[in-house]
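Copied over from Swiss-Prot, here are the features:
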- His5, Glu180, Met181, Glu182, Ser204, Asp205: purine D-ribonucleoside binding site (BINDING)
- Gly21, Arg25, Arg44, Arg88, Val89, Gly90, Ser91: phosphate binding site (BINDING)
- Asp205: active site, proton donor (ACT_SITE)
- Arg218: site 'Important for catalytic activity' (SITE)
Amino acid sequence: MATPHINAEMGAFADVVLMPGDPLRAKYIAETFLEDVVQVCDVRNMFGYTGTYKGRKISVMGHGMGIPSCSIYATELIKDFGVKKIIRVGSCGAVNEDIKVRDVVIGMGACTDSKVNRIRFKGHDFAAIADYKMVRAAEDAAKARGIDVKVGNLFSAELFYTPDPEMFDVMDKYGIVGVEMEAAGIYGVAAEYGAKALTICTVSDHIKTGEQTTSDERQTTFNDMMLIALDSVLLGDAE
């Protein structure tokens, strides 16, 4: 049965969903990496697809920008469509000189300046963390392909155009591996509804140096991240 934001039928989604922010990246992932692909939803042009990867049923759907948007889609997928695992595959900015543009980072946790998890957790701080086995599977998948990844804390920002750029120095000091806008929200939703989640990001720009990729590159060239996510699903099944 369709929800207010996802016009799919029950059973349309696999138990694992890859979620990029950009719905056109969802389309790219489905058309590039999956077989027997069927588009299952398109409300607000937030496209969702289901297909198979090496015989394994997997879905992919966009989640938009920011914690409020991704939380809506993650909640409905888990609560209404029975999704068990969400893997966000997105872009992030780097603040550390040892992390370069196009590096892949795995978010084992996510700090945030958003209050959504405090609202969810009765005013207390909630440690927004990824599922350990999903983190391990992603790291193992990367090693199997010879892809170097950085594993650490992300920072999920409430604002893209921040009025406090000095915060980037604080993030660097605390070892933040990437700045994005969704992981903490997705981890909170997963915890609330008893699901599992992971965020894998490709560094699209470096906040300190100004180096950046184009919007077209962000949409269609971050293939290492996609392959790590897909392979990690198969490794998770094998446990």
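Cβ atoms here come from the backbone N, Cα and C positions, even for glycine.
Remember, it's a predicted structure, so these values are computed and weren't measured experimentally.
Feature map: Swiss-Prot annotations on the structure.
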residue	record	DSSP class
His5	purine D-ribonucleoside binding site	coil
Gly21	phosphate binding site	coil
Arg88	phosphate binding site	strand
Glu182	purine D-ribonucleoside binding site	coil
Ser204	purine D-ribonucleoside binding site	strand
Arg218	site 'Important for catalytic activity'	helix
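Annotation for the binding-site residues His5, Arg25, Arg44, Arg88: lowest Cβ count within 10 Å of the residue's own Cβ, Arg44.
For the purine D-ribonucleoside site listed in the record, the two most distant Cα atoms among His5, Glu180, Met181, Glu182, Ser204, Asp205 lie 31 Å apart. A separation of roughly 9 Å, to the nearest angstrom, links the Cα atoms of Gly21 (phosphate binding site) and Glu182 (purine D-ribonucleoside binding site). When the binding-site residues Arg44, Val89, Ser91 are screened for a C-alpha within 10 angstroms of the C-alpha of Asp205 (purine D-ribonucleoside binding site), the residues that qualify, in sequence order, are Ser91.
DSSP gives Arg44 (phosphate binding site) a helix state. Relative to Arg25 (phosphate binding site), the recorded positions with Cα atoms inside 10 Å are Arg218, the candidates having been Glu180, Glu182, Arg218. Annotation for the binding-site residues Gly21, Gly90: lowest Cβ count within 10 Å of the residue's own Cβ, Gly21. Considering only the binding-site residues His5, Glu180, Glu182, Arg88 (phosphate binding site) has Glu182 as its nearest partner by CA-CA distance.
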